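Engineer: Features from Swiss-Prot:
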| type | residues | note |
| --- | --- | --- |
| SIGNAL | 1-22 | signal peptide |
| CARBOHYD | 33 | N-linked glycosylation site |
| DOMAIN | 35-590 | domain 'PLA2c' |
| CARBOHYD | 78 | N-linked glycosylation site |
| CARBOHYD | 82 | N-linked glycosylation site |
| CARBOHYD | 96 | N-linked glycosylation site |
| CARBOHYD | 177 | N-linked glycosylation site |
| CARBOHYD | 281 | N-linked glycosylation site |
| CARBOHYD | 349 | N-linked glycosylation site |
| CARBOHYD | 392 | N-linked glycosylation site |
| CARBOHYD | 517 | N-linked glycosylation site |
| CARBOHYD | 545 | N-linked glycosylation site |
| CARBOHYD | 569 | N-linked glycosylation site |
| CARBOHYD | 605 | N-linked glycosylation site |
């Protein structure tokens, strides 16, 4: 389709046939013992990229080179100083491959709203989308090296990546199929609609799968249930929603092995029961097809995702030559990044639902949280006895028997930027797709960027840099939350930082042809609603199909080349100067209190002393890397049966629909 016209032209989505042969060793949701090398060590220090990622990048760089050069030439072809643009592109794509810009894309959380609106934004960058080259940014996705997702954004990135790198175009064109991806016409609690037998059977299967894992001796929580339920919507052609499908299986998919797609990265936060996480102290975990871990000084380690569930000490299996495989179920890891249960508990007082329902929901969800059931349990802890934690930091993460992970946006960083701004990944530009519901009307207000910027001044942000951004009042008052905005346009203003961070292209969800500001907890969408939100996302990412600014695609090209152009002291086309005037935040501040936005806490007035205060607050090393020894070693498990699960999800859904 042209997403703005919704024209069906593409063949139906093929079944997954990308050469995957791994799957769970039990062909079920239950992990199992497998043999592994006697000298294997599953842990490494976070001092650089893994060798697996380095080797994969060599192949990806070959593919992105041609795609990016083609994209840049196309979007700058209408520059009056075309020769200047061509010369710059030729210089960047000379024999020295280190001069070629590297791109990352980050899709925010926000439930199905973020998944669908983010899908529209990503489709605008995909040359497989009809009309994306003419009316959008087609080819940009093919030129990207990384694609990060969090919560609802993670549902998007996982759907595309683990369905043989399918396209949003294909998904939309296949909506009439019996086994259509993203068929969310019925709530996750009642997938059969009026067909109660289908609903009952679905929940029996979910209950059986999770109960079997529990009987095998593995801890389970509602994250297992949540992930299993979601999987049916994202992998409908696979047996029971991919009950045996693994995160590490992507390594064996031809489209990934050949680096024909960006590397997907998902994000979650570390949290122990009884603690809270904020932007300054959270331990941000990332998981790629190769590894799970964190760059943060509270852990500074990565482990092989394929052998999660193995009992280890400093990365060495407790039993020589024996590991666990099958723990990394794709639904479980996908559900880990989107544990909406505790997200609702944290934000319920900010909702407008009736007080008596709020009190009931708070009581119900508080009981869940106190029982630790809202947390994804990774046990045994893959980082047990890890020796890479900063000496000035609590070692709770490595001393605990269990690793607890929650929704990646719980620390306020709802756009998963942390993995993409690491110096080791050396990106020049990151596209931040923000579909958060920050304001009272469920639009973004830049809070996520504010939190990521602020984090660099705390202990956990050591060694990470991020360009200056304003607070939420300024975002709203200047309208920065209603159109694409560039941050960090001039590297000369950041020479005092440890390294020059990527330029950030902020693309917020905003109203164009459809009200895409649905509630995070809206659990069902009609086909009309799905297509409306996707279409609006396409328009938000393209300045309304380039009708609001016919030069917008060229400006994106300028932004992509900016870091390398400055580093190499090359001549910039004059059109790029105009672009930067129009789209770069120029430092203007407007602290007038804006209605219904995330509190900035006088963020716009922050100075060096404020940053020092932030660092001081973080020095205690509390929150995600601390708790009482009783809580951090508490066994966590849910008594699983179909009736209990159905009752829990039904009650949650009834409340969510009132938000």
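Note that Cβ sites are derived from N, Cα and C of the backbone, with glycine treated the same way.
Help me picture where these features are in the structure shown.
Structural biologist: Residues near residue 33 (N-linked glycosylation site) in space but far in sequence (CB under 8 A, at least 6 apart, same chain), listed by position: 322, 323, 324.
There are 13 other CB atoms within 10 A of the CB of residue 78 (N-linked glycosylation site), with all protein chains counted. According to DSSP, residue 78 (N-linked glycosylation site) sits in a coil region rather than a helix or strand.
Cβ neighbours within 10 Å of residue 82 (N-linked glycosylation site), excluding its own Cβ and spanning all shown chains: 14.
Within the same chain, no residue at least six positions away from residue 96 (N-linked glycosylation site) has a Cβ under 8 Å of its Cβ. Annotation note: residue 96 (N-linked glycosylation site) sits in a coil segment as assigned by DSSP.
Counting every protein chain shown, the Cβ of residue 281 (N-linked glycosylation site) has 25 other Cβ atoms within 10 Å. According to DSSP, residue 281 (N-linked glycosylation site) sits in a coil region rather than a helix or strand.
In the three-state DSSP scheme, residue 517 (N-linked glycosylation site) is classed as coil. A C-beta separation below 8 Å, combined with a sequence spacing of at least six in one chain, links residue 517 (N-linked glycosylation site) to 113, 437, 441, 442, 443, 509, 511.
DSSP assigns residue 545 (N-linked glycosylation site) to coil, not to a helix or a strand.
Secondary structure at residue 569 (N-linked glycosylation site), taken from DSSP and collapsed to helix, strand or coil, is coil.
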Engineer: For residue 569 (N-linked glycosylation site), write down the residues of its own chain that are at least 6 apart in sequence and whose Cβ falls under 8 Å from its Cβ; none is a fine answer.
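Structural biologist: Sequence-distant Cβ neighbours: none.
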Engineer: 177, 545: which of these glycosylation sites has the sparsest Cβ neighbourhood within 10 Å?
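Structural biologist: Counting other Cβ atoms within 10 Å of each of the glycosylation sites 177, 545 gives the minimum at 177.
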Engineer: Take the C-alpha atoms of residue 281 (N-linked glycosylation site) and residue 82 (N-linked glycosylation site) and report the distance between them in angstrom, rounded.
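Structural biologist: On Cα coordinates alone, these residues lie 48 Å apart.
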Engineer: Work through the glycosylation sites one by one (78, 82, 177) and name whichever has its CA nearest to the CA of residue 545 (N-linked glycosylation site).
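Structural biologist: In terms of Cα distance, residue 545 (N-linked glycosylation site) lies closest to 78.
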Engineer: Tell me whether residue 177 (N-linked glycosylation site) sits in a helix, a strand or coil according to DSSP.
Structural biologist: coil
Engineer: Could you say whether, by DSSP, residue 33 (N-linked glycosylation site) belongs to a helix, a strand or a coil region?
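Structural biologist: DSSP call for residue 33 (N-linked glycosylation site): strand.
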